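Here's the structure we're looking at; comments come further down.
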């Protein structure tokens, strides 16, 4: 990787870094066909797609009972790791549960109450690897929120990943289906003979999954449309370049289209990070994906003229993952508002948030962190406002309400208040 100056980036280079999207447009037409077929044919379509896309002949779509058996048969070390991660995730998300409240305001009793959704679907990607962590991240916040029925959909296989099934059991999923891709999103959104329809679908996936979420949005709620993984590192000369590179390579491992960027106000540190990335990318099982991610136009090692310039870059970038490794990291954090999840200091690798620190790894990408946060308990509850007024309280607002209503030409609104004083 070459080091470029932030100030010298061409408009084209800046666009490649900042104009990140989920890359779903070319998938939407085929996804619409899949969704339409699932809505028409139900389980028949799901089995057909399992054979076409996954080369699997599936009988029973629901594999909920297999989850507990997978947990019982799991290797002790992996079981312990899943349970530890689950406990940390649960503890963090329990802190997010909102409390109902009512208060008096000059005779007006106003409040807000929160109620969980009834039915939620969590997509857990599969394909080249099993992702039990995604099951934990999607299911646990829903369970903590009090959702009555949480279903997991994961791609079918001749032998389903035991870790994924076990994670569903540990997290508290009520149903597990061996259905993947856009067809899984369609099944969760609209239901089939075997798959119960839900109110909301959450979880990461490839561009076909993301395109399907975009298509069903409006009929059901979704969390957000997430693209390939992103990491932005802001560091100074106190950072260890080898550790910065290790985090960048780790995120590049996710996807050849991942975006990994480092911005340092120290040129020597930037050069060392670039060199370390190239060295660490080699001789790995996923070297090809890592090297593709490091070499794509959305990845870069940059040198800023000052830490203020680096901070401005970070705020505009609005990364999914933001790592800050600097002498004054807390002060720098105070100056950056837009990021999905922040990792402070040299002992906070992004991987710990991916798995077990307790924060959620389902995060906004493509700059969405400017307006949205990561998956949380908030995604699984709805709020209702409540008001109760006595006669004196309504009387004090009578003129205000009737004047505004008549100014808007809504006489019946005004009369609905006046009649209470006839």
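Using the three backbone atoms N, Cα and C, a Cβ is placed for every residue, glycine included.
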Co-listed substrate-binding residue [Swiss-Prot; alongside 229, 251, 254, 321, 408, 413] among 106, 148, 174, 354: 354
Distance check against residue 408 (substrate binding site) for the recorded positions 123, 206, 320, keeping those with Cα within 10 Å: none
Those recorded positions of 123, 183, 206, 320 having Cα within 10 angstroms of residue 229 (substrate binding site): 320
Site with most surrounding Cβ atoms, counting all protein chains shown within 10 Å, from the binding-site residues 183, 206, 229, 251: 183
Alpha-carbon spacing, residue 254 (substrate binding site) to residue 123 (NAD(+) binding site), which is rounded to whole Å: 17
